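S.K.: My structure is below; once you've seen it, I'll send some questions.
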Amino acid sequence: MENSEGVKIESTVVTEEPLISALDIALFVVIITVAYFWYFKRDKQSSSSEKKPYTIQPSSLSSIEQTSNSSFIKKLKSTGRSLVVFYGSQTGTAEEFAGRIAKEGARYKMKGMVADPEECDMADLVEMKEIQKSLAIFCIATYGEGDPADNAMDFYEWLQNGDADLEGLNYAVFGLGNKTYEHYNEIAIYIDQRLEELGATRVHEIGLGDDDANIEDDFVSWKEKLWESVCSHYGIEETGEESNIRQYKLVDCSEVLPERIFSGEISRLKSYENQRFPFDVKNPYLSKIAVNRELHKSGDRSCMHIEFDIDGSKMRYDTGDHVAVYPKNSSELVDKIGELLNADLDAVFSLLNTDEESSKKHPFPCPCTYRTALTYYLDITSNPRTHIMKELIEYASDPKDQEKLKLMASSTPEGKKEFHEWILRDNRNIVHILEDLPSVKPDLDHLCELLPRLQCRYYSISSSPKVYPKSIHITAVLVNYTTPTNRVNKGVATNLLAQLIPTNDELPQPTIPIYIRRSQFRLPPKSQTPIIMIGPGTGLAPFRGFIQERDYARKEGREIGEMVLYFGCRKKDEDFIYENELQEYVANGTLTKLHLAFSRDQPEKKYVTHLLEQNADELWNIIGEKSGHLYVCGDARSMAKDVHSIIVKVVMEKGQMTNSQALNYVKKMEQQKRYSADVWS
């Protein structure tokens with residue numbers, strides 16, 4: 001703006017002051033031009049730097065300097081390594097598995113490193129053959145509707161679009177998925193096959209981890225056979241050396257100035273005090289809670305309607321998107337860890353990677369206090385994996401505790417059984433383990449290194465930006481349950497949200513960090529297209545936004561297609577959420593039909609799937625005869641699968657097709673985005 005105004009001024013001066021020489025004018029234009037490009041180039045660099053992979057070390061070394069060298073080949077060669085383990089991770093599990101494999105490489109005379117494909121030039125894979133006895137391992141997660149993790153997207157597209165000659169590359173792939181989803185481990189399977197197509201050599205068959213069952217067991221079993229294949233392929237033997245080597249070293253930061261200490265920020269120091277757009281996974285927006293009200297009318301369960309204020313944030317969302325909420329652990333659990341380990345939770349520390357070549361200098365933002373780490377950065381409520389059991393052995397002073405940990409850390413049938421029963425079935429977290437094995441007293445800094453990162457929680461947005469452009473609504477059930485050991489486990493995010501009740505305008509409103517994750521769960525482009533929505537319980541959430549958007553279009557005078565909603569809950573007078581809203585949409589004609597199933601309001605159970613079977617003609621009329629869209633939201637394990645089976649059956653019967661033809665028809669619907677699912681397990 002200033003520069004363009006400057007040019008206009010210069011033009012006026014030339015007209016009114018003809019005595020100025022041509023040289024003066026030329027110099028002035030050059031100065032203005034240089035200033036213009038310098039200003040906007042600086043602005044662009046400033047904007048792009050916010051999107052770069054973040055550094056969490058508040059030192060003089062910038063994130064640009066740390067990530068400028070994207071050649072993992074140079075790092076391998078300069079440090080005498082032959083093993084690189086890439087991870088495509090959405091929740092941190094794939095990254096954790098990658099770290100465990102790289103660590104174990106030392107036992108097989110293969111010094112390893114972990115690498116984020118987003119920070120690497122993956123075209124360098126063609127040069128792996130230059131390193132003797134080299135191996136690339138890929139721990140790759142599939143999430144959503146067969147999508148790669150965000151940090152693996154570029155690598156996935158490079159494989160799809162490129163034709164690099166990967167002859168001489170030795171590789172192995174482990175996939176992380178969930179069998180309740182249709183696209184089970186689709187990304188890992190593709191990468192495994194594509195690498196072979198490009199000439200690479202598969203050293204060991206692909207491993208497929210199922211998070212719906214026991215992905216830890218799947219990984220450990222695959223990893224053991226992997227190393228057998230590696231030894232056979234390279235003609236090497238296991239050294240027998242244990243790999244319990246610390247990845248990070250403790251640094252005392254008691255002298256660090258308070259303004260240089262992280263207090264819960266995800267990436268940038270003081271980011272919650274100085275908010276900068278754009279907001280994303282590494283730079284969330286600190287949103288005020290505008291509304292927090294109970295949706296259930298009675299009963300001992302709770303379902304919350306929560307509205308996040310995004311006014312002034314420049315954040316935009318579409319109907320069907322998800323909002324990520326960053327939770328924090330309860331102070332009660334955090335204090336319990338400090339008490340059990342007799343630790344000073346307010347001591348300031350840092351964990352520094354012992355591998356100087358690693359781009360990941362710290363496991364979480366450092367320096368910080370132990371209290372901050374346990375509250376904001378570490379997952380202390382999930383079931384620990386077997387490698388943590390193994391690392392805790394050295395801290396057990398009681399032989400019985402030591403033997404129990406050794407058994408659970410082993411891969412024997414007895415060990416797997418004990419781990420499954422004592423950890424998974426009894427639902428013990430790290431606090432419970434320290435309580436039930438009282439002689440186990442790990443160093444707190446080592447425990448902080450071992451525990452996985454606390455992950456954000458995703459919720460389907462239950463509002464339309466057309467109606468609520470300045471707020472995001474979610475619908476969340478409060479999670480509380482009693483474990484077999486008579487402990488009460490509480491959902492990390494929902495129990496935090498339940499405490500964030502807005503007050504009057506004179507007091508500061510409660511806040512929580514959020515960001516928007518884009519979704520493919522979308523209304524048809526044309527408002528006239530008929531749709532069927534199937535969403536029992538909180539599966540109703542995105543459809544509330546769908547209905548709001550269509551209602552907005554109707555009020556604008558546009559034609560809207562049929563909208564049929566299938567909703568179910570336990571009891572009409574207890575947990576029929578948004579009842580008044582839905583009935584109003586039926587009354588004004590936006591919602592064509594509302595099919596309701598109250599499972600416990602009569603002797604026999606009644607679910608939405610029963611209603612679908614009863615309304616086969618209506619289903620076929622919309623998805624078959626009118627080429628409408630069908631949406632499913634809710635439980636993936638049973639409800640979504642049952643719905644899929646019913647749809648195939650309806651297509652067979654009403655469309656007069658064979659089973660194979662019906663399956664292909666439904667598959668085509670999915671490919672055309674006419675059959676969409678937003679499900680969870």
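For all residues, glycine too, the Cβ spot is worked out from N, Cα and C.
Unlike curated entries, TrEMBL annotations are predicted automatically.
Features from TrEMBL:
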- 20-39: transmembrane segment (TRANSMEM)
- 83-227: domain 'Flavodoxin-like' (DOMAIN)
- 89-94, 141-144, 176-185, Asp211: FMN binding site (BINDING)
- 282-524: domain 'FAD-binding FR-type' (DOMAIN)
- Arg301, Thr538, Ser599, Arg600, Lys605, Lys606, Tyr607, Val608, Thr609, Asp642: NADP(+) binding site (BINDING)
- Arg457, Tyr458, Tyr459, Ser460, Thr475, Ala476, Val477, Tyr481, Gly491, Val492, Ala493, Thr494, Trp680: FAD binding site (BINDING)
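Could you tell me the structural context for the features on the list?
M.R.: Averaged over the domain 'Flavodoxin-like' (83-227), the predicted model has a pLDDT of 93.
Residue environment of Gly92 (FMN binding site) contains 15 other Cβ atoms, counted within 10 Å of its Cβ in all protein chains.
Within the same chain, residues at least six positions away from Tyr607 (NADP(+) binding site) with a Cβ under 8 Å of its Cβ are Pro536, Gly568, Ala597, Ser599, Met639.
Cβ neighbour count for Tyr459 (FAD binding site): 24 (other Cβ atoms within 10 Å of its Cβ, all protein chains included).
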S.K.: Taking every protein chain in this structure into account, which of the binding-site residues Ala141, Val477, Ala493 has the most other Cβ atoms within 10 Å of its Cβ?
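M.R.: Max Cβ neighbours within 10 Å, all protein chains included: Ala141.
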S.K.: Within its own chain, what residues at least 6 apart in sequence put their Cβ under 8 Å from the Cβ of Thr609 (NADP(+) binding site), listed in sequence order?
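M.R.: Listed in sequence order, they are Met639, Asp642, Val643, Ile646.
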S.K.: For the domain 'Flavodoxin-like' (83-227), what does DSSP give as the number of helix, strand and coil residues?
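M.R.: So the counts come to 65 helix, 35 strand, 45 coil.
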S.K.: What is the interatomic distance between the Cα atoms of Ser89 (FMN binding site) and Tyr459 (FAD binding site), given in whole Å?
M.R.: 19
